[in-house]
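Peer 1: Quick paste from TrEMBL:
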DOMAIN    1-37  domain 'Fibronectin type-III'
DOMAIN    43-138  domain 'Fibronectin type-III'
DOMAIN    142-237  domain 'Ig-like'
DOMAIN    244-339  domain 'Fibronectin type-III'
REGION    334-353  region 'Disordered'
DOMAIN    345-438  domain 'Fibronectin type-III'
DOMAIN    445-545  domain 'Fibronectin type-III'
DOMAIN    532-634  domain 'Ig-like'
DOMAIN    641-734  domain 'Fibronectin type-III'
DOMAIN    741-776  domain 'Fibronectin type-III'
Amino acid sequence: VKDLIPNCEYYFRVKAVNKIGGGDYLELRNPIIAEDPKQPPDPPVDLEVHNPTSKSVTLTWKPPLFDGGSKIMGYIIEKLAKGKERWERCNDYLVPLLTYTVKGLEEGKEYQFRVRAENAAGISEPSRITPFVKAVDPIDAPKVFLAANLQSGLEVKRGEEIILEAHISGSPYPSITWLRNDEVVRPEDIKKRVTAPRKKKGESILSVRDSIRADHGTFTIKVENDHGVAKASCEVNVLDTPGPPVNFVFEDLRKNSVICKWEPPLDDGGSEILNYVLEKKDNTKAEMGWVTVSSTLRHCKFHVTKLIEGKEYLFRVFAENRVGAGPPCVSKPMTAKDPFSPPDAPNKPDVEDVTSNSMLVKWNEPKDNGSPIIGYWIEKREINSTHWARVNRNLVNALEVKVEGLLEGLTYIFRVCAENAAGPGKFSPPSDPKTAQDPIIVPGPPSCPEIKDKTKSSVALAWKPPQKDGGSPIKGYIVEMQDEGSTEWKKVNEGDKLFPTCECVVPNLKELRKYRFRVKAVNAAGESEPSPATSEIPVQDILEEPEIFLDLGAQDLLSCRAGTTIKIPAVIKGRPVPKTFWEYEGKAKTAAKVEATDTRSEIIIPECNRSHSGRYSITAKNKAGQKTVHVRVNVLDVPGPPKDLKVSDITRGSCKLSWKMPDDDGGDRIRGYVIEKRNIDGKAWTKVNPNCGSTSFVVPDLITGQEYFFRVRAENRFGVGPPAETIQRTTARDPIHPPDPPIKLKIGLVTKNTVSLTWKPPKNDGGAPVTHYNVE
């Protein structure tokens, strides 16, 4: 029986039925309630034991797989002590959750546990029994870690409270000790500003009130139990103003300046020193206060200027960090004065390397009198003058100076003074007088001669002038030669016949003999040392195959306009001098003119025309060989006349002209054709079109019956060529053909010997009026 309503009461009855009919019903005496059957639940599963201690243990489990058809109301926990036979209930009330902490255990005893579930139908069977669990505290080494905000250290300003918080674990619970810089922290040690560490299981807090700079350092918490020791540390920085700078000293004391120097404070106040403030005070006047020298010093050194010589001063310096300025460091009294005097005078200067406009002045270093010499001042005086003039604008650091800009022929004397930090000293005695003029000596040797050319009887030499002319212009050069097998050098030219330039030709030599050459330079002081000599040089002709160089504009293809002059220049090289001749298409060109020298040949064709186009060749020939160079010439002109001019398709208003391209296009592409017409009675030609790009054209706008002549000219970029003309006149009229047959022939009146005929004219009269009809 299905589809019953839950919790409703039902009666049921049954009767039997056969083919005759139904019998009597059998009914239930009592009603049936539609509800699921209820029973006690299954036992809980997965019972586990956690966190056993000497007094308690925590149990967890999972609900029964089947609740017996009724909601689980709670759980009953039972324990069994080892050696006992009776299970004891642990909870007075049903446990609604899936976990329970059993308390009241006896330390050291062992226990087993089980759990039962209960619903409206009853209590389940017990769960699986746990193994024996001993009631003892767990062994756990101590652990400690600082609060998250202390992991990277703690920074507070002076007067603020230092609060350090730590979290602790361990079993048994460890003892706690706070230390600062490895010493135990006690309130009496820090003038009772320390609050005794607050203890709460699992944490410890240390507090230091009204912090001072001395409180900075490493704070450590130490926790300890029977199973070990653990520590955690935090760097605590208490920010304060820095201490006073130390070791204030003076350096490089002068009459109007001094360098103050100090060292940083021993304690920077826990923050970087940002700058120093330097102050000074006139110690000769008690009523004078402190004056700031500089308040932005980054370094521990400062050059104080504008002091008054002879006065006594006090200085003090403060260090500043981001908290503020600390106490000052005060110097000892200092009197502004120089500790040294200007240097002595140098000795009398020496003057060397005299030229027409310069002299080299030298001296020795004098006594510096306590301060290093920083340079020298040099003065000059013309011997006939009373005025000393300063030579150098800036101090000279060397013990010599080259004085330039002197006037040639004048006599000069010089004096020198040294300068140190106290100022310039006395001048030296003046030097000996020296006159500004160049010394004259023989020049240096020229360079080794080079062979520039040679023949069977001569050698051409070239060389470079000497690097030094000896103070006098080079007058010329003497060339010397040495014959093969000889040790004697002979002069090619004498001293009165000097070679004026750095080249010469030595003639009258013997063919195939070997010679060496060298050169001497000559100035007003005499002859120089000879140059390095050449190696032995055989005297003979130099054979060089001919070479031909065409002008760049005539290479490969030379184009020119008809009527102009063709010039093809060529440069000829070769030893001996080559003979040259020109050819046109392999033959001599009689109309051409040739101008030639030993090194150049040029063919000239005046007033050229199209017939001069073609290939020109120049050949150079000597004992060493032969060379031929070709160049193609293209003479550009207007095109020739078109060919085969014909007239066709004549009508009374137009006709067609056709022709062929000219035989000669003038050396350039034909751009088009110019078509003209002339009335037979007229003398002037008129253009039919601006330009025609093809070789045929239909001439329009002819006058019917008028007779015409036509002509056509080809055009390229150089102009319009001669025309091709029609010989016969052309009449503007339509062509005449026989007419079409008449149409619609009809027979009219018929007699015994006559017949009457009618018809209509032909559709096409053949281009002329019908004059008559023939009847057959």
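Our numbering is plain: 1 for the first residue shown, then up by one each step along the chain.
Keep in mind that glycine also has a Cβ here, set from the backbone N, Cα and C atoms.
Help me picture these features in the structure, burial and contacts included.
Peer 2: For the domain 'Fibronectin type-III' (1-37), the DSSP counts in helix, strand and coil order read 0 helix, 10 strand, 27 coil.
Within the chain, the region 'Disordered' (334-353) has long-range Cβ neighbours (under 8 A, six or more residues past its boundaries) at 250, 253-258, 307-315, 359-371, 373, 376, 402, 414-432, 434.
Summarised as a single figure, the pLDDT of the domain 'Fibronectin type-III' (445-545) averages 89.
Tertiary proximity for the domain 'Fibronectin type-III' (741-776) is limited to same-chain residues at least six positions away from its ends with a CB under 8 Å from its CB atoms, namely 734-735.
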